[in-house]
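Read the structure below first, then the notes.
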Amino acid sequence: MASGKLFRAIIMGAPGSGKGTVSGRIVKAFSLKHISSGDLLRANIEKRTELGLIADKYIREGKLVPDIYITKCILSELEQIRSHSWLLDGFPRTREQADDLWNEERIDSVINLDVPFEVIIERIQSRWVHLPSGRVYNVGFNDPKTPGRDDVTGEPLSQRPDDTPVAVRKRLEVYDACTRPINEYFDKKGVLVTFKGSTTDEIWPHVRKYLEAKIQ
């Protein structure tokens, strides 16, 4: 980053693809600001902001927060870090969101993690979650320091009841159907780059090499 060039990227990946781990490594290695739509929503809900109250209502009803609210939230956050390089995680989730973002911000790269569904299904079966924060651990892959306990708070971890193989496959199919148009959109813009592999350690060196060439 010594040249002062700003770099703006989006990371895409199915639930269980290791996106969180790769995001953390990117942020640490290249000093990017990490903007997570999920973290932003949780923070707004916790603070009971206007957006938080609206989002909480939709989430409690099992619905997606409408584009207009989440897009406004993300763009407002990006406006505040205009002088920084950043990595956007969890947004956009629809073609409309992608279009709104593209019209407002210069996107340099969309990093897409392509992990086989069978690998993800096996991984999620060993997944444990700290529900209040959303932190995720995987036994044998990203273990908590103390079995069954969150690294930060020490509180108990739990498994989601919908992490069965059938439920996971359904979620992955829904994710694929929803994100394919977004990936196609960014591919046509010339900024999509896909990294294939079964593990984070397999994918990460390629992501790092790519970013080292892009960020100078």
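Just so it is clear, glycine is given a Cβ too, placed from its N, Cα and C backbone atoms.
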Region 'NMPbind' per TrEMBL - which of 36-65, 66-95: 36-65
Helix-strand-coil residue split for the region 'Disordered' (142-162), DSSP-based: 0 helix, 4 strand, 17 coil
When the number of other CB atoms within 10 A of each residue's CB is tallied over all shown chains, which of the binding-site residues Gly16, Tyr137 has the maximum? Gly16
Compute the centroid of the Cβ atoms of Gly16, Ser17, Gly18, Lys19, Gly20, Thr21, Arg127, Val136, Tyr137, Thr200, then list the same-chain residues not in that set whose Cβ lies within 8 Å of it, in sequence order, for the GTP site. Arg123, Asn138, Phe141, Asn142
The largest Cα to Cα distance in Å among the residues Gly16, Ser17, Gly18, Lys19, Gly20, Thr21, Arg127, Val136, Tyr137, Thr200, listed in the record as binding GTP, is 15
